[in-house]
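J.: Quick one: structure below, then a few questions.
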Amino acid sequence: MSAPSSASSAPAENSATDHDFLAPDAGQKPPGPTPSQSRFQVDLVAEAAGAADDKTPSSDASAAAPDAPSSNPAVSGEEAKGRFRVVNFADPTGVGSVDSPEAAPTEGMQNGDTVMSETSLHSSTGGQHHYHYDTHTNTYYLRTFGHNTIDAVPNIDFYRQTAAPLGEKLTRPTLSELHDELDKEPFEDGFANGDELTPAEEAAAKEAAESKGVVKFGWIKGVLVRCMLNIWGVMLFIRMSWIVGQSGIALSCVIVAMATVVTTITGLSTSAIATNGFVRGGGAYYLISRSLGPEFGGSIGLIFAFANAVAVAMYVVGFAETVVELLIGMDAVMTDEVNDIRIIGTITIIILLGISVAGMEWEAKAQIFLLVVLVTAIFNYFIGSFIPIKSKEAKGFLGYDASIMWENMGPDFRGETFFSVFAIFFPAATGILAGANISGDLADPQMAIPKGTLLAILITGIVYLGVAISTGSCILRDASGNVNDTISSHLMANCSTAACKFGYDFSTCKNEDTCRYGLHRDFQVMSLVSGFGPIITAGIFSATLSSALASLVSAPKVFQALCKDNIYPGLQMFAKGYGKNNEPLRGYILTFGIGLAFILIAELNTIAPIISNFFLASYALINFSVFHASLANSPGWRPSFKYYNMWVSLAGAILCCGVMFVINWAAALLTNVIVMALYIYVSHKKPDVNWGSSTQALTYHQALTHTLHLSGVEDHIKNFRPQCLVMTGYPNSRPALLDLVHSFTKNVGMMICGHIRTGYRRPNFKELATDQARYQRWLLKNETKAFYTPVFAEDLKQGCQYLLQAAGLGRLKPNTLVLGFKNDWRDGDMMNVETYINESLSSQEKPSGMKDVIVSIDTSKDSDADSSKPSSKATNKKSPTVTLNVSDQRLLEASQQFQKKQGKGTVDVWWLFDDGGLTLLIPYLLTNKKRWKECKIRVFIGGKINRIDHDRRAMATLLSKFRIDFSDITVLGDINTKPKKEHMAAFEEMIEPYRLKEDDMEQEAAERLKNSEPWRITDNELELYRAKTHRQIRLNELLKEHSSTANLIVISLPLARKGAVSSALYMAWLEALSKDLPPILLVRGNHQSVLTFYS
């Protein structure tokens, strides 16, 4: 492929050399396109440049002039670093923008003036234009290759998807330009290779252009700090000790390890996806949607944003619980415990909303402060645990002791189970996506997300394990707080509990369930243990508020990204951002509302399991995304993070789903129903996005694999399917033909809409590819399961051969040719009819302005093509948009007749000749469809008068063996009766203009005329096939008699010996056969069986 390109580009290179822009004659106009033809002019900066500064306006002006002499000191003053000046010709005439140095814009004006270095091209326009090379008048890479060439060297700017955050998108010269084959100005649409921007991408580009001064975070402040704060949430200080009391040290470590395994696998998967290309805002939603597509992304994005909003409530309730505990201790309760939690929670979330709305910078500063407090509190606890104090012993803190550790090693579940405790702890692990959720605010998401997330999981996991072992080793499960609950020394010998060893007996309060302290009873036990209690309280405040703040920021960011993609049209209003950081203020208000509603529940243990399932569903899909992308084996799946494994990710996804059901099977079932409902909704809406998801890649992979596998399997009669090549031209130009064939191929066989484009001009393959994409979209939009395949050909004959030979792939090749009948065969050039008959092709014969309302038949035969060939009637008028006259209205109704339900009618099958069963199979497939379900099949066969009953029974037996339902069988005993004289006369009148009448002229003249007009009917031919002519006319009479009310007639296509029957006579037969009848489908199989009664 590269050889022709190189060879063809040589003339362009030589041409460019002959007319060098650096010629000293300033008055000489450069040949080639004028500035009005080519929008950009590129001047090579002189190689032998001095050291003068090139940033003055005069040097800019001089460099912009195309005819400036090379000796100009301003030009030679630029450093020779292989740079080029690109000027956007805004004036189409070129006047004032090229010839005048004064007209050259200065830097900073919105004019597209750019300077290209060896690495990139930076624009002064803020990323709002796309720049293209002038491929006709200039060369660029003289310094690199030592000769003139317009071929572009590799450049990152060619690969940008949008003009967004990283720089300008450039468009490389196309092959057509390198071959100098374009007759028009290149890139007139502004994009190369069809890289049009979606609305979401345009919005991203616009935001990026206005994003000067945006706050961006590194991996520590943006991910590590945020994840650690979110993971060290409410569970660390006020539930971890309770979890140890319930499940013991060993099972607590197992719970932490299980959660860490799930989060670590998910962290690895997140890292893999995040490093597989540029990551924008939206966090988990962005990662899943760009990997698995909008269906999964849209469904999980909504519940993930909702889960984060509910998590705000969970953390705020944890904070409020701590405050209320303090108020109870000071006897300062406002109303009652539950309502106090609600009041304090409401005030807290309002304050957090204010911090969030103030902007990400303030929020980040608050997070750093909270982390310092939190780390101080953790150290404070561990230091305090090594300082036993006598006054704390009655409350259960006895210091580190092996007997306490051993007593607390096993579980002691009281009203809980292992999995219910795990369900309460697991939300503590859900903070791992806190950094990824603000991916749009990270300076380098590909580096920050893996490093920050995995390190946060490691640090927090170690701290959780440390706290579990520590609390279980120095605190009793039950304590009364009464210093008088001691045990006498003589009873200590018989005491088996750890408390006895220290002289305490808390069995009374334990048995009476009145203990107020210990792991089981006191949620604030870590404050008791710590060196300075108020610091633990501050740590609880810090942990809960930081987690709430992170979730309050994450939910609107994810929701905003979801709304920007317009997956759910009704939510578009939440996509709007405000300020330089594009803050989703509306999303903040919505999150505030959801959080406030759940705060009013005021019960932490009720809220925690609800969001566990939502987060687990998100984790499962992130893990599945990595497995799916690896399975699809797409070349685009190239994550720079290598420490992942597709099977580990699959195991992680299964583990997440399993944990969902173990935690709460009802909630898990509900979560799955919600995800599937949203998935079905998004699939039904079919959002107009194309993100190159792994779903597409896997679909291709499976299609290729199955197609190859199918190629190795021999065809079998039982599996025969009509795979139709339908000569529709443009698919919307012959609606009746398209609808009829689609009726029996939908979900059964393949349908290819063939279109032959003829003409003498050079074929424009770019236009052909554009049409192919446009009409394929049209077919999909109209829910027509078909492929559109256009070809360029010199004539219809050649185009037919192209399609018959090349259409399809492997076993998925057409075996049935379907044509619309040439209704105007008597009006146009008869040579077209010759081609139509001889090559079984007619795709462009009917002018679009024809208004005939006769719904005609279509026929074809090609004995050279090894395929079955049914032909079908159709019209080819588009639906008018103006008031219709009577004939137009009839034509419109005819074109739409197969789009509506057919009702209780009949499909009449005139199975006159055994062609292998195709004539019977198509009506059977048709009547299985919803629109034709109420139609009954009636079968008509030829026979003798004295054998009518016998023939009917034989056909009934055959149909029953084929398991094809029928309502009636009619044996035509009078099929060989001569037709009526008036019908014979009408036929003679129809063929009169096409007769050769060789008896009335010299033999030599007759032969010359026959050679020049092979479609003419000879007298000998007419006499030879008189019986066949009579049969077609007689069949028309019988059709009118028996099938004039049928919804569709399917009849065997008459055959004619190739080369012996002229095309005019054959068309006359078909015209006579189908005249004044309902829609008629003429079918002729290739006489190989397509029906069998064997199992």
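Placement of Cβ uses the backbone N, Cα and C atoms for every residue, glycine included.
Pulled these from TrEMBL:
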type	residues	note
REGION	1-79	region 'Disordered'
COMPBIAS	1-15	compositional bias 'Low complexity'
COMPBIAS	58-76	compositional bias 'Low complexity'
REGION	92-130	region 'Disordered'
COMPBIAS	108-127	compositional bias 'Polar residues'
DOMAIN	134-187	domain 'Amino acid permease N-terminal'
TRANSMEM	219-238	transmembrane segment
DOMAIN	222-725	domain 'Amino acid permease/ SLC12A'
TRANSMEM	250-279	transmembrane segment
TRANSMEM	299-320	transmembrane segment
TRANSMEM	341-360	transmembrane segment
TRANSMEM	366-387	transmembrane segment
TRANSMEM	418-440	transmembrane segment
TRANSMEM	452-476	transmembrane segment
TRANSMEM	525-549	transmembrane segment
TRANSMEM	585-602	transmembrane segment
TRANSMEM	614-632	transmembrane segment
TRANSMEM	652-682	transmembrane segment
DOMAIN	734-838	domain 'SLC12A transporter C-terminal'
DOMAIN	845-1095	domain 'SLC12A transporter C-terminal'
REGION	860-881	region 'Disordered'
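What does the local environment look like for each feature on the list?
T.: Listed as Cβ neighbours of the transmembrane segment (250-279) (distance under 8 Å, sequence separation of 6 or more from its ends, same chain) are residues 161, 166, 240, 243-244, 286-287, 290-291, 409-411, 418, 421-422, 425-426, 428-429, 432-433, 436, 439, 442, 445-446, 449-450, 453-454, 457, 461, 464-465, 468-469, 472, 616, 619, 622-623, 625-626, 629, 636-641, 643-644, 648-649, 651-652, 655-656, 659.
Non-local neighbours of the transmembrane segment (341-360) in the same chain are 215, 217, 312-313, 316-317, 319-321, 323-324, 334-335, 366, 438, 441, 545, 548-549, 552-553, 556, 579, 581, 583, 585, 588, 592, 595-596, 599-600, 602; each lies 6+ residues outside the stretch with a CB under 8 Å from one of its CB atoms.
Here the transmembrane segment (525-549) has Cβ contacts under 8 Å with residues 229-230, 232-234, 236-238, 240-241, 311-312, 315-316, 318-319, 322, 326, 348-349, 352, 355-356, 363, 366-367, 370-371, 373-374, 376-378, 380-381, 383-385, 387, 392, 395-397, 431, 467, 471, 474-475, 517-519 of the same chain, all six or more residues outside its ends.
Taking Cβ pairs closer than 8 Å, the transmembrane segment (585-602) reaches residues 305-306, 308-310, 312-314, 316-317, 320, 338-339, 341-342, 345-346, 349-350, 353, 356-357, 552, 555-557, 559-560, 563, 573-574, 576-578 in its own chain, all 6 or more past its ends.
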J.: Can you check how the pLDDT averages out over the domain 'SLC12A transporter C-terminal' (845-1095)?
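T.: Over the domain 'SLC12A transporter C-terminal' (845-1095), the predicted model scores a mean pLDDT of 77.
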J.: Might you confirm whether the transmembrane segment (614-632) is in contact with the transmembrane segment (299-320), defined here as three or more C-beta pairs under 8 A between residues 6 or more apart in sequence?
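T.: Yes, these stretches are in contact.
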J.: May I ask which of the stretches 366-387, 418-440, 452-476, 614-632 has the most CB pairs under 8 A with the transmembrane segment (652-682)?
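T.: Counting Cβ pairs under 8 Å, the winner is 614-632.
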J.: Could you pull out which residues elsewhere in the chain have a CB under 8 Å from any CB of the transmembrane segment (614-632), counting only those six or more residues past its ends?
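T.: Residues 262-263, 265-266, 268-270, 272-273, 276, 284, 287-288, 291-292, 296, 300, 303-304, 306-307, 310, 426-427, 430, 433, 644, 646-647, 649-650, 652-653, 656-657, 659-660, 663, 671-672, 675, 694-695, 697-698, 700-701.
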J.: Would you mind listing the long-range same-chain contacts of the transmembrane segment (366-387), meaning Cβ under 8 Å and 6+ residues beyond its ends?
T.: 221, 225-226, 228-229, 232, 236-237, 355, 399-400, 463, 466-467, 470, 474, 526, 529-532, 535-536, 538-543, 545-546, 549-550
J.: How about long-range neighbours of the transmembrane segment (418-440): same chain, 6 or more residues beyond its ends, C-beta under 8 Å?
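T.: Same-chain residues near the transmembrane segment (418-440) but 6 or more away: 217, 222-224, 226-236, 239-240, 243, 246-247, 251, 255-256, 258-260, 262-263, 266-267, 270, 274, 279-284, 286-287, 308, 311, 314, 360, 411, 448-449, 452-453, 456-457, 460, 464, 547, 550-551, 553-554, 557-558, 561, 582, 605, 608-609, 611-612, 615-616, 618, 659, 662-664.
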J.: For the domain 'SLC12A transporter C-terminal' (734-838), give the DSSP counts of helix residues, strand residues and coil residues.
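T.: Helix (H, G, I), strand (E, B), coil: 48 helix, 22 strand, 35 coil.
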